């Protein structure tokens, strides 16, 4: 099922439907837009028919210089079965030839009061957000000191309980159990909660609680950029866990790699505090302060000094 249809643009941007009502359910599959200036001159060899077409003052001013026959020919070529819609900006008068071509082909013809540049920018941002690659991950997403931390792990390991403790300590819950993730850019992942379980937290033995009702609006967020993954796993005595922090694990979600930290879970460990510190330490690393690297350098200096003596 298409993520975006022409009718969504009409509703989102309050566009006037001039003609082509039967085509408002046409799918929009790309965030790229087209301003068919060269097409107005008759060059349709590389015409991107599957894009939203914007006709601004420049295009329509040139269009007025054409003969009646050329006008009819260009507008018929502009309206194809693939074209999701044509938008005339600045509330300009719609040419009769375009109106006729729209009625014959069923291509929705829309009009906006906004300038072409402004509308183009808003449309691109909207479509990129809606058409971005998406996935869902089992885990909890919490905003800790401005760092979007995705907490993962097997069911029953204590993710939700840890998130509850973090919320009590002043941090903000984004999603529990299922985190919907969309890739808005090459290195930007944004997580949010499904509408059905938004602001809800499931605690075994207690049931489902509404975090916003219990702790207030300041305890929740609707979405957050994910920059750190913390994986909780039951402590394995046979496994060697990182004790210095020099080696950095990575986890790939869609096409983006994120820093991953594995935390072993066993009685007596305060996971909420450890995750808080992990988030703060991650921020420090991004600011150029790496405690593990500093310790390693001190150790090497001490060894070299000892060898000289």
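Here, residue 1 is simply the first one shown, and the rest follow in order.
Even glycines carry a Cβ here, placed using N, Cα and C.
Given the structure is predicted, the values throughout are model-derived calculations rather than measurements.
Lifted from Swiss-Prot, the feature list:
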- 138: active site (ACT_SITE)
- 153, 154, 155, 156, 157, 158, 159, 160: ATP binding site (BINDING)
- 159: active site (ACT_SITE)
- 160, 202: Mg(2+) binding site (BINDING)
- 177: active site, proton acceptor (ACT_SITE)
- 243: active site (ACT_SITE)
- 264-269: region 'Important for the catalytic mechanism of dephosphorylation' (REGION)
Summarise the region 'Important for the catalytic mechanism of dephosphorylation' (264-269) as counts of helix, strand and coil residues per DSSP. 0 helix, 2 strand, 4 coil
Express the distance between the Cα positions of residue 160 (ATP binding site) and residue 177 (active site, proton acceptor) as a whole number of Å. 8
Do you see any of the recorded positions 157, 158, 177 whose C-alpha is within 10 Å of residue 202 (Mg(2+) binding site), and which ones? 177
Determine which residues of this chain, when 153, 154, 155, 156, 157, 158, 159, 160 are set aside, have a Cβ within 8 Å of the centroid of the ATP site's Cβ atoms, and list them as they appear in the sequence. 232
Listed in sequence order, the residues of the same chain lying six or more positions from the residue listed as 'active site, proton acceptor' whose CB sits under 8 Å from its CB are 138, 139, 140, 160, 197, 202
Set of same-chain residues at least 6 away whose C-beta sits under 8 angstroms from residue 154 (ATP binding site): 233, 234
Restricting to the region 'Important for the catalytic mechanism of dephosphorylation' (264-269), what is the model's mean pLDDT? 80
The answer, for which of the binding-site residues 155, 160 has its Cβ ringed by the most other Cβ atoms inside 10 Å, is 160
Mind giving me a neighbour count for residue 159 (ATP binding site)? Other Cβ atoms within 10 Å of its Cβ, every protein chain shown. 25
